[in-house]
Structure formats: C-alpha cells, structure tokens
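Take a look at the structure set out below.
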Amino acid sequence: MPTTPQQKDYYATLGVKRTATSDEIRKAFRKLARKYHPDVNPNNKKAEEKFKEISEANDVLSDEKKRKIFDQFGFYSDNIDPAAAEAAARGGYTSGGTPRPRAGTQEVPFDFGGFDFSDFQTQAAGRGSSGAATEESSSWGGFRDIFSGIFSQGQKQRGPQAGTDLEYKVTVDFWTAVRGGTTRLQIQRQEVCPTCKGKASMGSAQVCPECGGSGQVTQMGGQMKFNIQCPRCGGTGKLQSTCSTCQGQGTVARSETIDFRIKPGTRDGQRIRLAGKGNAGTNGGAPGDLYLIIEAGSHPVFERSGDNILVSIPVAINEAALGAKIEVPTIDGRAQLKIPPGTQSGQKLRMRERGVPSAANEGVRGDQIVTVEIVVPQLKDERSKEILRELAKLNPEDPRASIWEKV
C-alpha cells in the first residue's frame with residue numbers, strides 16, 4: 001500500500017474551527033505568537049518550529065484567496081493558479097471525470113480519464129475536521145503531490161523583461177545642496193549583453209526534442225494522466241544555444257561613472273530619479289531607473305529646516321535694550337538686520353527670502369530665522385558697575401514677578 005504524505009491542517013494548528021471568522025483566526029494567531037515567539041523562548045528550537053508553523057497557518061488562513069484554495073483542496077501551494085482552481089471548483093466534473101468549466105472560464109488542461117472523482121471528493125471532505133490521513137486517502141495524497149505541477153505556469157519567461165531599479169546614497173556638502181552643482185558617482189549596473197543583444201541565446205531556434213515542439217509533456221500520476229509545461233524548453237517548444245558571454249542572462253555587469261546635477265535647495269534625504277539608468281532589461285525590455293538618495297552635509301553656522309536657514313547671533317546688551325542695526329551672515333553673504341529696542345534673549349527675528357531656494361518651486365525662497373543671544377559683559381572697572389547700579393535704580397521692575405504670580 002503506498003504511503004500517504006503528511007498533510008497539514010492549518011485550522012488545527014491555530015486551534016480554530018473551519019468556520020472561524022477572520023477575527024477569530026487573527027486572535028488565535030496573536031495568542032499563540034505571544035506564547036511561542038523566539039524572543040520569548042530564546043534557544044528553544046521546538047518553540048521556534050512551532051512559531052514557524054503557526055505563522056504559515058496564519059499566512060494562508062488570513063488571506064481570502066489562499067484560504068479558499070486550502071478549503072477546496074486541503075493544501076496550499078504558491079504554484080497553484082487561483083483562476084484555474086476556481087474554474088475547476090465552479091464547473092464540477094463530467095461523468096468521464098474531466099472538469100466542466102462554466103462559460104468564460106479557462107479549462108484546466110488535464111485528462112482525468114479513469115479517475116474516480118466521487119471518491120476524491122468524499123475523501124477530501126471527510127478529511128476536513130480531524131486532518132488525519134488514512135489509507136483510503138492515498139489517492140488524495142498522490143494527487144496533492146503532483147497538483148502544484150499541474151497548475152504550474154513555468155519559470156522560464158521568454159517575453160521582454162524590464163530591468164530592475166538601482167538605489168545609491170550620495171553625500172554632498174552643505175553648499176552644493178544649497179546652491180546646486182554637479183556630482184560624479186561610480187555605479188555597478190547590468191547592461192545589455194553586447195554579444196546576444198539581450199536575447200540570452202545565440203543562433204536559430206531548434207525544435208525541443210523533449211516535447212516535439214508542443215511545449216507540453218504528458219505525465220502519469222496514479223490513475224491520472226495530465227499535461228504539464230515542458231521543463232526543458234519552458235513551454236516554448238523551441239531550444240536555442242545559451243549565449244556564452246552572459247551565460248544566458250541577457251545582461252552583463254559593468255562599472256559606469258555618471259555625472260548628475262544637484263538642484264539648488266536639494267534637501268537631505270531627497271530622492272533623485274535618473275530614468276533608464278538602472279539595470280538593463282532583457283529581450284527588448286525597458287531598463288530600470290536609478291534612484292539617488294541625497295545625504296546633505298552640515299555647516300558650523302547655518303542650520304537648515306526645510307527651505308529656511310536657522311542661525312544664532314550674539315547681541316550686546318545695549319544693542320538689545322536700545323535697538324540697533326547689526327551685520328549678520330547669510331548664505332548670500334553679509335546682510336543688515338534691525339534689532340528692535342527691548343529685544344529679549346531667545347527672541348527670533350525673520351529675514352524674508354534670505355533662506356534656501358526651493359528645489360520644488362522655482363523662484364521661491366525660504367527665510368532666515370535669527371535667534372538672538374544676548375551677551376552679558378564681564379565688568380572689570382568701577383565706572384561700568386556704577387552705571388549699571390544707577391540703571392537698576394531707574395528701572396526697579398522685578399523680572400521674576402510674573403513667575404510668583406503664577407505660583
């Protein structure tokens with residue numbers, strides 16, 4: 001008697017009924033995950049395996065399409081074509097044992113002649129609650145072993161394949177980010193193979209000897225006979241010699257130096273897209289894009305906040321008290337700033353359009369925000385001290401009075 005492969009009952013793994021709702025499944029998974037998580041059970045292999053099992057069960061049962069396939073066939077595989085499975089499920093079976101798809105659905109390309117589907121359906125349904133495998137379900141077990149191959153769409157794709165995107169981090173100094181400039185970068189990318197021009201093969205195509213050019217081969221599985229995609233030619237029915245330069249990849253690795261422009265006002269973390277500068281495609285596929293992530297340097301005086309420039313400026317006590325016009329640094333050079341009389345330490349003064357040009361909105365600039373830092377002089381002569389004492393007599397207000405009122 002042939003042995004029956006072990007079957008997974010995801011419902012039993014999570015400890016829920018087959019009629020469980022999505023919320024019940026989610027709650028059951030969270031409860032078990034807290035119990036068996038590797039962080040809670042360090043160096044516990046059994047707990048680690050259990051966590052993998054409940055994660056796999058949750059992955060299938062929490063996805064409506066995956067759960068539907070599992071409920072229909074008793075197992076789930078990423079190789080199963082959901083559309084073909086749905087067609088078989090909705091159409092039922094003819095007296096000859098072949099799927100009867102409804103109008104508008106794609107017929108599953110099997111020959112089920114000689115297979116008793118009534119037994120198969122009975123066994124699959126009877127297996128539902130307990131998940132235990134019996135000798136009578138050996139036909140189901142064999143069916144499950146080959147089912148993923150039946151629905152497999154093949155792994156060789158002969159049509160145009162777009163190239164993948166690339167991403168590089170680029171460090172620029174403060175002034176290049178603010179004023180703009182040109183930067184050079186060396187990258188590694190896949191380019192179209194110069195020998196095969198991206199086709200991955202050479203010479204004229206030959207008829208595949210495995211399938212005789214049909215793209216399919218017949219395989220037996222117990223009492224079933226079915227057609228699957230030819231593994232040798234990938235379903236194309238033809239074979240070609242692999243390009244020796246790229247080893248059948250269609251692309252080769254190349255180092256390239258590129259020069260690109262940094263716009264004035266480019267921000268730290270900004271992504272710059274260079275279209276078509278990513279990895280090359282194959283068989284005429286479009287190339288990917290190159291994304292540059294900007295890391296802008298800092299400055300000892302200026303600090304950026306978006307398109308605004310922040311700067312702290314020391315101010316003499318007399319300038320703050322009486323008011324003054326002082327010279328302050330900006331990214332464009334020196335500029336005059338008016339200090340209003342009675343300016344307090346920490347007060348912020350705005351200089352309109354003295355900030356960074358906007359990289360997104362041409363012609364727009366940010367502001368420069370100046371934070372005043374009042375500098376208290378170190379008095380060494382008696383005359384200066386006497387003047388301050390006289391000033392205190394003329395202005396007896398207590399600057400801490402408002403604090404006591406709040407207390």
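Placed from the backbone N, Cα and C atoms, the Cβ positions cover glycine too.
Keep in mind it's a predicted model, so treat the numbers as computed, not measured.
Taken from TrEMBL, the feature domain 'J' covers 9-74.
Summarising the annotation, TrEMBL assigns domain 'CR-type' to 180-255.
The zinc finger annotation in TrEMBL covers 180-255.
Annotation comment: TrEMBL describes C193, C196, C243, C246 as Zn(2+) 1 binding site. Around the Cβ of C246 (Zn(2+) 1 binding site), the same chain contributes C193, T195, C196, A200, V252, each under 8 angstroms and 6 or more positions distant in sequence. DSSP assigns C246 (Zn(2+) 1 binding site) to coil in the three-state reduction, outside any helix or strand.
The number of other CB atoms found within 10 A of the CB of C233 (Zn(2+) 2 binding site), across every protein chain shown, is 26. Taken from TrEMBL, the feature Zn(2+) 2 binding site covers C208, C211, C230, C233.
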Other residues, Cβ within 8 Å of C193, C196, C243, C246 Cβ centroid (Zn(2+) 1 site): P194, T195, K197, G198, K199, A200, S201, M202, S244, T245, Q247, G248, Q249, G250, T251, V252
8 Å Cβ shell about C208, C211, C230, C233 centroid, Zn(2+) 2 site members excluded: P209, E210, G212, G213, S214, G215, Q216, V217, P231, R232, G234, G235, T236, G237, K238, L239
Rounded distance in angstrom between the Cα atoms of C208 (Zn(2+) 2 binding site) and C243 (Zn(2+) 1 binding site): 18
Neighbourhood of C243 (Zn(2+) 1 binding site) by C-beta distance under 8 A, where only residues 6 or more apart in the same chain count: C193, T195, C196, K199, A200, S201, M202, G250
